[in-house]
Each structure stands twice: as C-alpha cells, then as structure tokens.
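Student: Before anything else, here's the structure in question.
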Amino acid sequence: MSATPGGGVRTLRVPGHHGYAAEFSPYLPGRLACAASQHYGIAGSGTLLILDQNESGLRLFRSFDWNDGLFDVTWSENNEHVLITCSGDGSLQLWDTARATGPLQVFKEHSQEVYSVDWSQTRGEQLVVSGSWDQTVKLWDPTVGKSLCTFRGHESVIYSTIWSPHIPGCFASSSGDQTLRIWDMKTTGVRIVVPAHQAEILSCDWCKYNENLVVTGAVDCSLRGWDLRNVRQPVFELLGHTYAIRRVKFSPFHASVLASCSYDFTVRFWNFSKPDPLLETVEHHTEFTCGLDLSLQSPTQVADCAWDETIKIYDPVCLTMLA
C-alpha cells in the first residue's frame, strides 16, 4: 500500500544515480540528504544530493560529486550545514551545504569500501564512527585530520555502524560475519558479541526509547530485536520480507515501531509489541530499496531511495493513524 493521505508521495527522479542512503536533517524541516552512486555502486562516481521539499514536491537544493560511489551519509549534530559521506575508495568526505563546492576535508584511512558512517548524537561529543569492508571500525573527530582509534574484531565486511542515542561513547556494528557487536570507545574493545543471524547482517539500529534494545536486519529476510542484558534469544523476530533486508530504523516517535527496506523493493512498517506486527507494506519502488529514514520533526514522514533512480518522501497510512 503506497496511498498517502494529504498530498501523496513526493518523488524526485535522479537519472544515473542509484540511491544508497537517505537521512533527514536534524535541524531543517524538510531537508534531506541522499548518498548515491553511478552504475549501482559497482563502478563510476558518486553524488551527494541535498533536497528540500515544498508544496509542489521535492527540489534539488545542491549536489556534490565524488570520484567514487557514495554509500552512506550522516548529518552533523552541531552544525546544520555540515555532513559526512563515505565512499567506495575507502574515504570519508566532509561537506558544507552553504558552499557550492567541496569537500571541505577528506579522511582516507580505510583500505576498502566504507559502507557506513554515523555522527554521535551525544551532546558535547563531536565524534563519527565508520565501518568498512576492510573489517575495521574507525572513530573520528572531524576537527582532527586522522582517526582517533581503530576497532578490530569482525571477521568479515562491516555493513552498519550506529551510535547509541543513550550511552556516550557506545556504538553497535553489524557484519557479514553474522554478528552484532557492541563497542565502548573508552576501552577500545568489544563489550558484547551477538551471533544474531545465520546470515550476513546488513543493518542495525538502536531503539530511541530503550537503551538495551537493538534491532538487526539480515540477508535471511528477518528482523530480530536484542535485549543487550540477555542476548541468548531475540526478544522479537519480524518475518515478511522476501529478500535481504538492507536497512532498519526505529521510530523517533513510537517506542515499539520500526521500519525496514529490502532488496524485495518494499518498505515495511512494524509494531513489534503486537501479535500481528506488520502494520503496512509500501511498494512504490521498482528496484533494490537501500536508503530509509524517519523524520525527527514530523511523526508521519518517511524518506527512502532506491536503485530505480528515485528518492521519495511520503506519509505512510499506518504512521498517520498513530499520529
């Protein structure tokens, strides 16, 4: 179901750009960043697209090109104009949307593709974490020209890295080694290793309302919730996707609601506290759906992007009914 009350789906077609990640600005309502790549990220360049929405739809505010595919994007938590992308050439790029050209800075230490980047939400910290196919996680302060430390332990490519919104200096990572790992920058070591799936884990996210709850999404088409106090069994499992789950995001507004997007071309919304948890399936893409975000400002608004060269912002029916 992709019908949307009150205005429908806002779509921006971006020919030649295959979307990998989308993230709403934490500052400016309606502003969205999208990391995209040519040729499905296999070869060619990448583009950071900055979008604004108005009554008539979506418009491109600014775009920045990079010489390799861009796979993820994260906004600064202390400057509304600044954001970081990560790339297939092993680098991170720092951009300023107030400037027409860029990047301001490039951080090149990873030896393979960087697939994930996240800016810490903890006030007073200016820290970024990146995860790479070189099997390492690196910690960065964007004001410093080199990484602060490197975390090793994963035994395959790292697909996802996400800061805890609750515990300063704590982050999660998921990997092709089938594990979810919880790390503490103070000890520069792994705190918890969860053998979360018997398949590659492409995404993880931290619940905004429960410091002990992390969700994983994997190639086995399942989403699993993990209580970090006891990780022997998942506290929930959500089934319904028919191909690999590419990204999962908890709602910023509803403690038991999350969204997932998949290589089955769909976005699904779930309430894991209900006996019948699937709230809605949105089928408005015609290719792998890779990027997904839920607005921090609007309880009903969602953005996604896919390999079909479109970026969409919409209000799914299930979130409208919860609002």
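Backbone N, Cα and C define each Cβ position, glycine as well.
Feature table excerpt (TrEMBL):
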- 107-150: repeat 'WD' (REPEAT)
- 151-187: repeat 'WD' (REPEAT)
- 194-230: repeat 'WD' (REPEAT)
- 238-280: repeat 'WD' (REPEAT)
Student: With DSSP as the reference, give the number of residues of the repeat 'WD' (107-150) in helix, strand and coil.
Tutor: 0 helix, 20 strand, 24 coil
Student: Across the repeat 'WD' (194-230), what is the average pLDDT of the model, as a whole number?
Tutor: 98
Student: Summarise the repeat 'WD' (238-280) by DSSP state, stating how many residues are helix, strand and coil.
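Tutor: For the repeat 'WD' (238-280), the helix, strand and coil counts are 0 helix, 22 strand, 21 coil.
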